[in-house]
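Peer 1: Take a look at what Swiss-Prot says about it:
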- H23: active site (ACT_SITE)
- H35: active site (ACT_SITE)
- C113: active site, acyl-thioester intermediate (ACT_SITE)
- 13-129: domain 'LRAT' (DOMAIN)
- 1-40: region 'Essential for its ability regulate keratinocyte differentiation' (REGION)
- 124-164: region 'Interaction with TGM1' (REGION)
- 1-134: topological domain 'Cytoplasmic' (TOPO_DOM)
- 156-164: topological domain 'Lumenal' (TOPO_DOM)
- 135-155: transmembrane segment (TRANSMEM)
Amino acid sequence: MASPHQEPKPGDLIEIFRLGYEHWALYIGDGYVIHLAPPSEYPGAGSSSVFSVLSNSAEVKRERLEDVVGGCCYRVNNSLDHEYQPRPVEVIISSAKEMVGQKMKYSIVSRNCEHFVTQLRYGKSRCKQVEKAKVEVGVATALGILVVAGCSFAIRRYQKKATA
């Protein structure tokens, strides 16, 4: 299901909303995308492709956007345009097409589908999903430390009162 307000143009990044994560592809025109697909990220994969995080390899594929999206929602998301100058569309598309069929190392943390398409569009590999997760883990860790410290303080205070 497409975003009703913006049709993709060649060179646009497409964010596809899967259950629990987003899959990313590069729109190359005429209804086609190029994307980095681990073995479980098959067209219309939906929630079953969440297991792609366990894979250590992936293939660059050229497929119809509607097939990759399946029943999921998607949108054009060039949100890094405000940070980086996109490469010329011709360079983005030709670079992507040259990679079709290649097998690549895959890592959910450092070499995933979002890293792949941002590298093509901007010449820089970025993944906001991973960056956001790192921040969330950091916040959760900090909160955990505060809770432990607070409990420790309360226990010591209670022990002092009990022995006084």
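Cβ coordinates are placed from backbone N, Cα and C, and glycine is handled just like the others.
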Peer 1: Which residue counts does DSSP yield for the domain 'LRAT' (13-129) in the helix, strand and coil classes, in that order?
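Peer 2: When I sort the residues of the domain 'LRAT' (13-129) into the three classes, I find 41 helix, 38 strand, 38 coil.
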Peer 1: What is the separation, in Å, between the Cα atoms of H35 (active site) and the residue listed as 'active site, acyl-thioester intermediate'?
Peer 2: 7
Peer 1: With every protein chain in view, what's the tally of Cβ atoms within 10 Å of the Cβ of H35 (active site), excluding that atom itself?
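Peer 2: Excluding its own Cβ, the number within 10 Å is 24.
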Peer 1: Can you give the mean pLDDT for the domain 'LRAT' (13-129), rounded to a whole number?
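Peer 2: In the predicted model, the domain 'LRAT' (13-129) has a mean pLDDT of 88.
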